[in-house]
Amino acid sequence: MSGIENSGADAGEGRVKNAILIAGPTASGKSALALDLAERAGGVIVNSDSMQGYSVLDVLTARPEAADLARVPHFLYGHVHPGTAYSTGAWLRDVMKLIDDGMLSRRPVFVGGTGLYFRALAEGISEMPDIPPRIRDRWRYELKEQGAVKLHGLLLREDSRAAMQLKPTDSQRIVRALEVLDASGRSILEWQAERGRPLIDRQTARFLVIEPDRAALVDRIERRFDQMLDKGALEEVRQLAALGLDPDLPAMKAIGVRDLQAAMAGQLSFPEAIERAKIATRQYAKRQATWFRHQLGPEWQRLRPGDDLETTMQTLVANAT
């Protein structure tokens, strides 16, 4: 069965039918579950995690390994240079290209931990203007020179409504608002009000969010980071450092990068850097779980400790036909 519906706009023309969405905090086992599900359903896997899209960071972002990639087709993993500020809109455009190219004709399983990706997929997203490199570079330079608080003051004068919705220290969103205003002459709020169409057919889609036991998750996080070190995480950090990238880029903020860089520079001991990275991972997982708990709607099935995983899998496969 085709993954694209062609029965008319009212029925969701051009949207992916029978999509399966799997969300969960980092280290919750969602990638393994998605792989099993994709094999059973004869489907493909689409990365829905903002960090796993970056190249170089194979190990530190826990991307699927070669053996898993060989089992079913995987898309949107490691395809973005770490020097790029990859956005939700860019990810959605990449998904649209997969659809246009017929790559999602088999049942797609979207899996990841980036809640905004799932929201954009199911609800649509505002189309933002393209930002010319000269404008992007200008505002990155201004951020370095002036700092977030001063740029927030500038935004307050130029676009007070947008500025009032942002914390003065939220450098990434402040710069984004200034870039959009500079490139288009319109407030980012105006662009955000123009929401696009969803890319999936919600009526046939199936939604699953993993809610793991907290203690078990902490244990998995601890063990997984140790395994990352054994698999070459330090070499990835060296490769990333060799690129000489802006430290404010999203890829440079991947968990473990700054701590391990500090240890390699002699600013921290390696045990201290490792412990900091593990703590940051636990905190990130907690934020993800909180977001999923409060932001995902009733259509999302919750997979909790003690639930029958096999029954859940069978239901998802049976319903997605």
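Positions of Cβ are set from backbone N, Cα and C atoms, glycine also.
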Item to check | Annotated region 'Interaction with substrate tRNA' segment (source Swiss-Prot; candidates 49-52, 61-64, 245-248) | outcome: 49-52
Checklist outcome for this item: Which range of 122-126, 172-176, 227-231, 312-316 is region 'Interaction with substrate tRNA' in Swiss-Prot? It is 172-176
Item to check | Whole-number Å value for how far T114 (site 'Interaction with substrate tRNA') lies from S31 (ATP binding site) (Cα to Cα) | outcome: 13
Checklist entry - Residues with Cβ closer than 8 Å to the Cβ of R136 (site 'Interaction with substrate tRNA'), same chain and 6+ apart in sequence? => result A85, E179
Checklist outcome for this item: Here the Cα-Cα span from K30 (ATP binding site) to T114 (site 'Interaction with substrate tRNA'), rounded to a whole number of angstrom, reaches 12
Checklist outcome for this item: Taking only the CA atoms, the spacing between G24 (ATP binding site) and T114 (site 'Interaction with substrate tRNA'), expressed in whole angstrom, is 9
Item to check | Which same-chain residues, if any, lie at least 6 apart from P25 (ATP binding site) yet have Cβ under 8 Å of it | outcome: G113, I210, P212, L217, Y284, A285, K286, Q288, A289, F292
Item to check | Closest of T26, A27, G29 to T114 (site 'Interaction with substrate tRNA'), Cα positions, binding-site residues only | outcome: T26
